[in-house]
Amino acid sequence: MTIIASLLRNAQLPDSPTERLDAELLLAAALGKSRSYLHTWPERIVSSEAAQVFADFLSRRRAGEPVAYILGQQGFWKLDLEVAPHTLIPRPDTELLVETALELLPATPARMLDLGTGTGAIALALASERPAWQVMAVDRIDAAVALAERNRQRLQLNNVHVRTSHWYDALDGERFDLIISNPPYIRAEDPHLVAGDVRFEPSSALVAGQDGLDDLRVIIAQAPGHLLPGGWLLLEHGYDQAADVRELLSQQGFGDVCSRIDLGGHERISLGRLPC
Ligand code: GLN
């Protein structure tokens, strides 16, 4: 017979930077309970079935699989999102895009576009905060579109429309007040692609050519054709790409160009505005 406290004490995840948290999340999921249940009932006996599920989860985590993929879900903003291996796992740093978008535009009706939506994280977070906005979320990958649509339906966010498009390709003639994107931006040779959790994420969501700027260049160059006068473009990028992205924005005629700093102190997003 095993109890909750001893399962947690004996859970070894030496390679994880968040060992205890991972073990708690995985045990709570194996039991179908919340993390606070574990703290409230440390002496509770765990069935052998649940203990086996937990052991399987731990061995997957030891092999490097991210907790979010094992659980099939990840928190972002105030939402619980389904995640799957064909999309990026939403990062806390990306909440800076959401915060900034909420500051830029008033709560009155507006049209916004999320390019490369993946799980739908950015689009759904904005739609949940701004019921008056009409949010278009696009992704090139059909499985991502289906996933974002499932998240949209579960969260009942009827002001979001999800559809398949490679960047702007399926959006001829449509214009927005705000375009937002967390595109792939890692350099093809970046050593961080072969270590840790990102090994399990799709390279289509991470890698963008030799300098990591291939997709950002396309998104910025075509943005003026899809923004209304005075519209904003708001982009996440690599920690050392801010100056390049600001330069690309200025070259395309954007004004009010600036960058903002993420939780780790890096310039992580940049933005600009089309003249009115
Ligand atoms: N910030 C992510 C990472 O460093 C990359 C996300 C992206 O390419 N859009 O793992």
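Every residue number used here counts from 1 along the chain in the order it is shown.
Placement of Cβ uses the backbone N, Cα and C atoms for every residue, glycine included.
DSSP assigns Thr119 (S-adenosyl-L-methionine binding site) to coil in the three-state reduction, placing it in neither a helix nor a strand. Long-range neighbours of Thr119 (S-adenosyl-L-methionine binding site) (same chain, six or more residues apart, CB within less than 8 Å of its CB): Gln74, Phe76, Leu81, Glu82, Val83, Thr87, Leu88, Pro90, Ala144, Leu147, Ala148, Asn151. The S-adenosyl-L-methionine binding site annotation in TrEMBL covers Gly116, Thr117, Gly118, Thr119, Gly120, Asp139, Trp167, Asn182.
What TrEMBL records for Asn182, Pro183, Pro184, Tyr185 is substrate binding site. Counted within 10 Å of its Cβ, the other Cβ atoms near Pro183 (substrate binding site) come to 20, all protein chains included.
What TrEMBL records for 12-72 is domain 'Release factor glutamine methyltransferase N-terminal'.
In the domain 'Methyltransferase small' (102-189), helix, strand and coil residues by DSSP number 26 helix, 23 strand, 39 coil. Feature annotation from TrEMBL assigns domain 'Methyltransferase small' to 102-189.
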Candidate with the highest Cβ count within 10 Å, taken from the binding-site residues Trp167, Tyr185: Tyr185
Fewest other Cβ within 10 angstroms of its own Cβ, chosen from the binding-site residues Gly116, Gly120, Pro184: Pro184
Pairwise Cα distance maximum in Å, S-adenosyl-L-methionine-binding residues per record: Gly116, Thr117, Gly118, Thr119, Gly120, Asp139, Trp167, Asn182: 16
For Asn182 (S-adenosyl-L-methionine binding site), the number of other Cβ atoms found within 10 Å of its own Cβ: 26
